[in-house]
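Single-structure report; data block below.
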Amino acid sequence: MTGAEEILSSLDKAKTQWYHFKTIVIAGMGFFTDAYDLFCISTVTRLLGRLYYYDPLSGKPGVLPPNVSAAVNGVALCGTLVGQLLFGWLGDKLGRKRVYGWTLLLMILTSLASGMSFGHSAKAVMSTLCFFRFWLGVGIGGDYPLSATIMSEYANKKTRGAFIAAVFGMQGMGILGGATCSIVISSMFRSALNSPSFVVNQIASTPPQADFVWRIVLALGAFPAALTFYYRMKMPETARYTALVAKNNKQAALDMGRVLQVDFTGVIDVTTAVNGGGPDYGLWSRQFVKQHGAQLLGCASTWFLLDIAFYSQNLFQKDIFSAIGWLPAAKTMSALEEVFRVSRAQALIALVSTVPGYWVTVALVDVIGRWVIQMIGFFFMTLFMFVLTFQYYTLRGTPCVDNPAQYCGGNHTAFLTLYALTFFFANFGPNVTTFIIPAELFPARLRSTCHGISAASGKAGAIVGAFGFLYAAQDQVEGKQDHGYPTGIGLKNSFLLLSVINAAGFFCTFLVPETKGRSLEDLSGENDAEQQRAPYNESYMDKNSIPE
């Protein structure tokens, strides 16, 4: 066994140690920040409309124009796509550790800058906000391939899936954290200002001090990232990158000795750099397409389809909550009350369905496997979306006589339960597994790049979901759609379209293999390449053989 193989074998067999949990926290806090920053904007977009786009002649609370709303909600997703491709590539070219801190620093600076968006007009404020959120998205995007790759390369093969899932599971905590911060801050301002509802006093319902609310919420996204910046910068490079890509066994032994508290320098030749990691074929080579092309297609397509459904469902929340009475008509609330109610509804959905889904996956992913969980998730997402489609009017009810914006009759509890279950099975399903699998399948020298490509495909789907369904979900009846929007296909037909998309994700899952319980080198084919080179390494192996 070569020196590199001895180190990697020790990593695969290592018992779970404190350093594994420390790495989960360091990488996980990045994902907490990612989710906080991406999803907290939905709690304050209505406030932005009231503050910057109120028209006294309309007699209605201000709302963001369609193009501004799409930009504010979607520009961070565009930045995320860029960051996933860029930092995924840099993670393979320069090393995981070397660029890992850059992503966090970018998130810290742009979170703070988003809260300080400036300008003398609504257009100027929204433009600077979008500029900073784009670069925030770039930093968020870089965290995806780097965190997944680092965690997969540190972990042992027995609990690797749970460790990667635990990092990604912090996304659920970030969604909940963003909603909670909005609840707390809006409550503090409501208590201090005691502003009336819009129908009582149109001007006083949106006090100027409310401008601080959205700024504080966005800027607080820098705090969790800053907490772990020092520890992220002190992390050693992963042994797999050092041994298989940098091809420096001595440094790999020293780094992993620190991590696993084992002295490798006495059992390998630390003065010799050994070629390893398989043949150096490139990403666009025929050999890569032959060995990993279908796998990369499977990872990218399932993530693309999943994110169309996942991100569009978040857009539907305000419509669903309004329909079942969780959100009263905007006129009956003050601006700060609206922030509170939107945030509370988002927090409840996260608490009862989103967060549990993540952590059930953590518990079971190394028991029943990634592939099975992904199939289960897509299947039930499809099923529940079909039920919502064909029982839509029965569950929703009919417009109330005294308040046509809400619906009476129907079964709102069942409606909300089915909607929540689609979130649960998204997270106990493809939302987590599409993050895990690309970090396990590909060779070390291409692992971060391939994960970045897969994740970027997902964010392309998120952009389709966020932009496309923002328009598609509008009411089919002229005059009933949101102000400034054209008519769409309606919520019922949107659910039907999402059912088809989820079903497509189910069938695309057949393109990816099960990765549970296998070493990264076995999955990527690097072990096969080492065995083919074995005759040429016999003298080295004899020299460095390790007694049983």
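Heads up, the Cβ atoms here are built off N, Cα and C, so glycines get one too.
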Correct range for transmembrane segment (source TrEMBL, candidates 299-323, 449-473): 449-473
Positions whose Cβ lies under 8 angstroms from the transmembrane segment (345-365), at least six residues beyond its ends: 39, 42-43, 161-162, 165-166, 168-169, 171-173, 175-176, 179-180, 183, 317, 321, 326-327, 373, 419-421, 423-429, 431-433, 436, 516
Best-contacting stretch, by C-beta pairs under 8 Å, relative to the transmembrane segment (163-192) and drawn from 23-48, 372-393, 413-437, 493-512: 23-48
Long-range environment of the transmembrane segment (372-393) - Cβ separation under 8 angstroms, sequence gap at least 6: 302, 306, 309, 361, 364-365, 410, 415, 418-419, 421-422, 425-434, 437, 491-493, 495-496, 498-499, 502-503, 505-506, 509, 512, 514
Intrachain residues whose Cβ lies under 8 Å of the transmembrane segment (449-473), provided they are six or more past its termini: 66, 69-70, 73-74, 77-78, 80-81, 84-89, 91-92, 141, 144-145, 148-149, 283, 292, 296, 299-301, 303-312, 315-316, 319, 434-435, 438-439, 441-442, 485-486, 488-491, 493-494, 497
The transmembrane segment (23-48) versus listed stretches 68-87, 124-142, 212-231, 413-437, 493-512: most Cβ pairs under 8 Å: 212-231
Region pair the transmembrane segment (68-87) / the transmembrane segment (124-142), three or more CB pairs under 8 Å: yes
Non-local residues, at least 6 beyond the ends, that sit with Cβ under 8 Å of the transmembrane segment (124-142): 33-34, 37-38, 41, 48, 52, 68, 71-72, 75-88, 90, 99, 102-107, 110-111, 113-114, 117-118, 221, 452, 455-456, 459
